[in-house]
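Take a look at the structure below.
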């Protein structure tokens, strides 16, 4: 059921008309970052224009533990031309539209990827928190045994590395007592369409739709 929010419409720099917050909208494509969303959207009905909650409210600049060297600048570039053919340095997927950029380092990141938690607890490895990192002890995921080619969650002391998407996949097969749910970034997720050449990131989709089955008690710390 679609519910109009009681909040006032906002004027966003990516669109000419005011956007109204709508809760419980269902699936949509964010016109800011060109990835899927679910639930809450900032919407222009007349133009069929939608923004993720986070894309509508993300600040012009931010500091991130993923790139502590410099402040990141928010950038928006339309789909025309080749100037926006970029790859996210965290998920290694293409960037279209809204993103954050570090000019001195050439670092680029999806707005949604800036919301990934720095630490999680993983059911198959409860001894320590796993930390989001660009490097680890190996390039092999202990969950799926596949090759890790981008950022991963790792346990340094135990030399354990896990795909970001595998952080959520394994515990769904575990006992119900381990299936603790968290509601973090409702309505934000990576593009699902295979024709776009993107992976489905379970870590982002699961966090954003609101079901994190494999993070155990105290599983998210920032």
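Each Cβ is built from the backbone N, Cα and C atoms, and glycine gets one as well.
Now, the feature entries from TrEMBL:
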DOMAIN    14-56  domain 'DC1'
DOMAIN    66-113  domain 'DC1'
DOMAIN    125-167  domain 'DC1'
TRANSMEM  201-221  transmembrane segment
Counts of helix, strand and coil residues, the domain 'DC1' (125-167), according to DSSP: 2 helix, 19 strand, 22 coil
Overall pLDDT for the domain 'DC1' (66-113), taken as the rounded mean: 84
